[in-house]
Amino acid sequence: MLLAVDHIDVFYGSARVLSEVSLQARQGEVVFIVGRNGAGKTTMLKTIAGFLHPGRGAITFAGQDITGLTPDKVARLGIRYVFQDKRVFTKLTVKENIELAAYAAGVKLSEALERMLQIYPKISRFLDSTAGGLSGGQRQLLLIGRAMVGSPRLLLIDEPTEGLAAGTIEEVLKVLELMRGEVTMVIVEQNLSVVSRLADRIYCMKEGHIPAALSEPADIQNQSYLETYL
Amino acid sequence: MNLSLTLPEAFVALLRKFDVLVIIALFLLLTLLISMDRTIEFMIFCIFVLAYDVLYGYMGRLSFGHMLYLGTGAYAFALTGELISSNPFLALLVAVASGALLGLILGPIIVRTTGACFALINLAFNQLGFFLALVAFSKWTGGEDGMSVYVDKVWIFDFSRKTTVFCFALLSLIVVIFLMRRLTNSLFGLLLRGIKENETRVQFLGYDTFAVKMVAFIISTSLSAFAGALFILNYSYVTTSFIDPLRSVEVIFASLIGGAGSVYGALAGGVSYKLISNYLPNYVQRWEMFLGVILLLLVFKFRAGVWGYITAWYQRLEATPAGKSGQPPEVGR
């Protein structure tokens, strides 16, 4: 097991937003978390990434207890977080955005650019442009590509297709399919066609709990069942 | 030939290639236009603005109490000269070390904060430092009266001669500009800009942003202390005005006027502010009011500052076909 979240409770002040939540991801798996707004999906990712710390329970990554580690330490273990809001460093150029990731991952800029271009070749036209000028889809692909610099082991992606046009969603999906097997992914998503197409395992969240976990192909394709959680 | 396009282009190209020489030439020209004394003051103030810009321009942290670090350097220089040795270089070294030490001590408290909290904590410490210099340590600092400082001649460096101080201040400014450019064009500079935009995202890339901010803070306090020491080298006396928190507004104004986050912007701001504050009082009785109007205009209309607008104008120029080719645009099509 690469990632094991074991019965964690997470609080915002005195309010418990995650309660007794457990989640697992095997090496190379694509795991989805689905649920309504406010169900605790993003909180779950932020807790794994070290931005929030559980009040109870434990998070283990590759056999190491990462509960309570700060985000930079979690990132250095090979866990990358792609935020929901597609916010790149808008005032830096695309190349500088990649450079920051390259140095953090301990790889050369040339290698990082090569990796980026494998994932998203079209970005080559914008390398010297400020990232603030990119469209939502381009930003998302830059963020995913940037997260893949230095061969991470686990990618946490928050709503990768939210607010994107159909054509761009397809582009993002192709990139995610390209990365399948190479990196373990835990993805928060509400678009069920995306979930059914990529998922190896699905966790359904509701009001800070996980009442259902699906791993059988028939269950994963059962969109009418999944819809009850949206 | 369209001179309105080619002349600015030529100027910018010249500035880019020989910027250090251009800066030296401009300050030499300034000695002819105003005076050597004032030019020295301008150059040292520019070093202070550059130091401030590390925090404000690059890292996005506005400090209302940066006079503390300048004052620390000034008093460290003066007290070293008075109590330890009259060697000016030793005093300069002690001043920079004092700035760094103060940064190291206060940094862990200050750099954890952002926004108004960052600005006000600096102000609070500045107020504390001002009180210490004015009252608590007045036995050593001379309190309100201040203290005179004498330094020895070392080799060819006779700082009682204004030309020596001018050359040393100019050399110091050039070295600081060089260091700042190396710093801001490096990965460290990129990290500072990243932190300015979104610190959390930088953390999620795997960077310890606290360490980065501490280094930036210590660089800024050390350079400010260096500027403070240079002021005392120039004036040969120190008073509490060098640590007065009210004067922090000067460096903030200079940064805003010039354009934060750029070496040239800091220089343009430093010189512009000093020109305004030195010469405007000759023509306008309540010149501070005029400065207030400038601040309002900067905040509401010209947030990029002088250099920001020059850069934006040049980028627009470059983007036009004529700007790229050096040929005039085609007419009548």
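Keep in mind that glycine also has a Cβ here, set from the backbone N, Cα and C atoms.
Curation plays no part in TrEMBL annotations; they are all automatic predictions.
Per TrEMBL, these features apply:
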TRANSMEM  B:20-36  transmembrane segment
TRANSMEM  B:42-59  transmembrane segment
TRANSMEM  B:66-84  transmembrane segment
TRANSMEM  B:90-111  transmembrane segment
TRANSMEM  B:118-137  transmembrane segment
TRANSMEM  B:163-183  transmembrane segment
TRANSMEM  B:204-232  transmembrane segment
TRANSMEM  B:252-276  transmembrane segment
TRANSMEM  B:288-310  transmembrane segment
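Outside the transmembrane segment (B:204-232), and at least 6 residues removed from its termini, the chain residues within Cβ reach (under 8 Å) are 41, 44-45, 47-48, 50-52, 54-55, 58-59, 61, 66, 69-78, 91-92, 95-100, 102-104, 106-108, 110-112, 149, 168-169, 172, 176, 183, 188, 191-192, 195, 238, 242. The transmembrane segment (B:42-59) makes no contact with the transmembrane segment (B:90-111), as judged by fewer than three Cβ pairs under 8 Å among residues 6 or more apart in sequence. Within the same chain, residues 61, 68-69, 72-74, 76-78, 80-81, 84, 118, 121-122, 125, 151, 210, 213-214, 217-218, 220-226, 228-230, 233 sit at least 6 positions outside the transmembrane segment (B:90-111) and bring their C-beta atoms closer than 8 Å to a C-beta of that stretch. The recorded stretches the transmembrane segment (B:163-183) and the transmembrane segment (B:20-36) share 3+ CB pairs below 8 A when only pairs 6 or more apart in sequence are counted, and are therefore in contact. Between the transmembrane segment (B:118-137) and the listed ranges B:20-36, B:66-84, B:252-276, the one holding the most Cβ pairs under 8 Å is B:66-84. Residues 48, 51-52, 55, 90-92, 94-99, 102-103, 122, 125-126, 129-130, 133, 140-141, 147, 149-151, 220-221, 224-229, 231-233, 237-238, 240, 242-245, 247-248, 251 of the same chain lie 6 or more positions beyond the ends of the transmembrane segment (B:66-84) yet place their CB under 8 Å from a CB of it.
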